[in-house]
Amino acid sequence: MVQEKGYSVSSSDSSRQKSKKPRQARDAEATQAQILDAAEEEFARYGLAGTKIDEIAARTGVVKAMIYYYFKSKEGLYQAVMQRIGSELDIVSEQLVSDSLSIQEAIEASIRSGITYGAMYPHRGMLWFYEAIQNQGQYGQSSGWQKSFWGITTILERGMAEGVVRSLDPFLTAINILGVCTFYFNAHENLKYLDPARQLLSAEAIEQQIQAAIDLIWAGIKA
């Protein structure tokens with residue numbers, strides 16, 4: 001028992017007060033993640049210009065004031081969404097440029113990672129589409145997603161230096177690799193009518209697409 005200015009504070013009371021801080025931090029992190037998840041889907045539907053904070057608040061069950069408390073503005077929330085995506089891509093990229101992988105393994109892993117990512121987040125294609133047409137890439141440019149792109153060029157350059165990749169333009173080739181990985185999902189709502197019997201988003205179909213993309217790309221770049 002500790003005496004403070006005429007009143008007492010027990011050791012158990014003190015420990016409870018200390019334990020509240022980590023819990024409050026966890027609750028704040030969970031709330032912010034919930035807001036970001038809802039915001040990402042809304043921005044993918046309407047872009048920055050068309051998204052309303054009221055809709056994000058309704059989806060998460062929090063008051064608008066809390067969103068503004070954490071993110072300051074709609075633009076601040078949008079930037080946080082883009083930066084979270086950039087950070088996720090950066091983590092994956094660092095694993096793929098490891099020297100422990102052969103060039104062919106790194107290329108195959110990059111393709112598999114890219115297509116698997118598209119299957120996990122099919123709505124993100126529209127998010128980047130709106131970013132391009134509404135904001136001319138302004139917010140995406142500062143999100144850090146470029147590290148994953150330069151990771152692919154690094155693999156290609158190392159492959160040319162080792163003689164396992166033919167002479168090519170790493171920049172353009174990386175763009176084409178990204179196109180192969182993303183078009184399947186970005187155009188799905190149109191592609192599904194080409195052969196309605198195919199379930200293009202099934203696990204089996206996605207695995208087939210991964211193998212087809214690996215075969216196509218490696219055949220095109222190998223020395």
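We count from 1, first residue shown onward.
Positions of Cβ are set from backbone N, Cα and C atoms, glycine also.
Pulled from TrEMBL:
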type     : residues : note
DNA_BIND : 52-71    : DNA-binding region
COMPBIAS : 1-14     : compositional bias 'Low complexity'
DOMAIN   : 29-89    : domain 'HTH tetR-type'
REGION   : 1-31     : region 'Disordered'
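Each residue of the domain 'HTH tetR-type' (29-89) gets a DSSP state, and the totals for helix, strand and coil are 54 helix, 0 strand, 7 coil. Model confidence over the DNA-binding region (52-71) stands at 95, taken as the mean pLDDT rounded to a whole number.
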